[in-house]
């Protein structure tokens, strides 16, 4: 009970801080950076739902981020649609494509799923790159509008955009929270634990996996659409594997399969990236090995590690209170759940 | 006759794992399947629970042909199953593991989850209640909040039973329930299995521990090289020449 | 008709390169059940090392290739020891992520050392040759003949030598191989050595035509994955046949459908295969 209250207090503090941030640090550059990291967080939450909670690592999510972004761009600039309609449609269209991909992909396992989604991601990148007339190809896509007004509220300033993106982030976190702590969330975790066992206890794994897949893509596309409207310029490289890699490292550093992992990981890594800005294109020289080392030695990530430590402590306390000596080391299966 | 197989056959390429097996699981009784290693017992279970598609033959459950029904639908009909390696979620508590067992009897959707509808709240309570119920049945009430990685092998087996029981099954398939468990604990599991049968759940188990089988089984089928070589009560099987030969004679089957 | 044969020859060339890459990939998968996502980086590094040996050290083409094969083979072994061996008991997820990390590292490294520009690799086989009335560069002929030579060598190595037999044994049954005294670590290292060398060879043969640049491994590696799924993960003949099938499909597709989108052919094939058979085309006995 106490643990839950503490968690909620930390969350409340974090939200308060996020809300007050523009007032505390009225610096447009930092505001821009925070807003951008919020966008990445939304995308990472999408990935987390599928990889962290359902156990399926999709390597196509960067592609869907790009689809969300480009669809918004095309619908607003080329088709001249109302911004928010275009925004909504971008997410829906991207999710629909995700649905079609998922129908095939989710019947495969492990390696095949990874390879298949890797290929899908690359196809998306290729199509964006080559289909000049629609996407602008290598030259890029410019002139994407900022979010349109909602009633009297306009979103032309950095501060207003910050709050808009924060709003979506909080919405996504809220939905994730509701899902994870419900029967649906438990179902996903059961699938991640052992799909065989899940089938044995009557779970319609294909249906649940598909829902999880589409929803995760919905979140990631949402992030993509926000990105397009925030940065207002797109290039094919936002669908490239390095973006996929970024999402992965944010998730892993923060803690895959945890509620706050995406926030912690993204903030940490983007700030480190900032410090290493001088490396620019070569940041992979440092980040590549970091990711590899992380996955080998510490796949739990920051939040995962904290949770593990807390659980061990509670177990030890309980055992010492009851006077028993636990004969089983909890270190055993440490690496199993990544 | 609750569940029946007719000419059930499974081939893997050129290898025949299960060959023309006719077997019926008697309602309310403890049925057992024994046989030397590699006889096809686990494959047989996989066929019944829906993890392998039979090459030929039929599986009839309560008069319905379920041969082509997917595994999760069979669970909904009332066929539960445990595995040799329990497959439990090691990093979670026993209770968390078992709660999800009742999920198949609920109908909450993603929508319910996001909006925390009355239906979700009701079904969550239902699942939790069921979980506590089955945990009490298997004697794990005290261990409910322990992390699975920290409990003993025997307790893990009980937890796996509890999970299967939470699905409200009519028949439960136990795949080597006493594997890796010491003699004292084996007795405990025996009692639990008998309790399940007395409660009204039909049991079918695969086991290598002969004393256990002879003590609690009502009906035994012996498989060897994928074929049924004998069937009957413990008394009959004990003295069956063919069965004795199969276990003692012939080559050592890995 | 001549045009058609020209396309066929083209397909043979492309297919040869694909097969070499796919071979390395399938050998590793066969013994360790790991799809080596970093294989594309080995391919890329192979190209760069050959190029450097030729331009900086002035070595002849063949010598440069041999050195490259040794270097990249060693790189493969390092990859196995430092990355895949520690992860042998971890969930398969981790192998993939770790490999991607290495892949991106090596790409950044290549860009750092050699720059991002497309570079040409000179070759002594630039002459145009007339064969049965068809014109092709000697390089293409070289690719085809070298590949066939290597495959024959590999065949004899796997089937006729003891070491080759240990690789086959390990790919069929890892536990069993271990039990009969085969040192599975040594076999793993050896397989990665071969895998890396094959990638380096493929890159060195293909680069005079396709140029050398940091991203050169991407398309090739993705296609190699499609090939081994098509031909059967872990199957050597499958990798070879699959490689040529893809090579021909692409060559014909590029001419008769569209050159821009010819790369998609591989993925369309993949989608079709996985839609019909989610477990891949040729499932090995005992695997499901």
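Using N, Cα and C of the backbone, Cβ positions are placed for all residues, glycine too.
Taken from TrEMBL as is:
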TRANSMEM  C:12-31  transmembrane segment
TRANSMEM  C:61-85  transmembrane segment
TRANSMEM  C:97-116  transmembrane segment
TRANSMEM  C:128-158  transmembrane segment
TRANSMEM  C:187-213  transmembrane segment
TRANSMEM  C:220-244  transmembrane segment
TRANSMEM  C:264-283  transmembrane segment
Out of C:61-85, C:97-116, C:128-158, C:187-213, C:264-283, which stretch touches the transmembrane segment (C:12-31) the most, going by CB pairs under 8 Å?
-> C:187-213
Intrachain neighbours beyond the transmembrane segment (C:61-85), with Cβ under 8 angstroms and 6 or more residues off its ends = 32, 34, 36, 38, 42, 45-46, 49-51, 53-54, 95, 98-99, 102, 122-125, 185, 188-189, 192-197, 199-201, 203-205
List, by number or range, the same-chain residues at least 6 past the transmembrane segment (C:264-283) whose CB is under 8 A from its CB atoms?
-> 222-223, 225-227, 229-233, 235, 238, 246, 249-250, 253, 257
Using a Cβ cut-off of under 8 Å, list the residues of the same chain at least 6 residues beyond the transmembrane segment (C:187-213) that approach it.
-> 16-17, 20-21, 23-25, 27-28, 30-32, 36, 39, 42-51, 64-65, 68-77, 79-81, 84-85, 114, 116-123, 125-126, 137, 139-140, 142-143, 146-147, 150, 154, 163, 166-167, 170, 177, 220
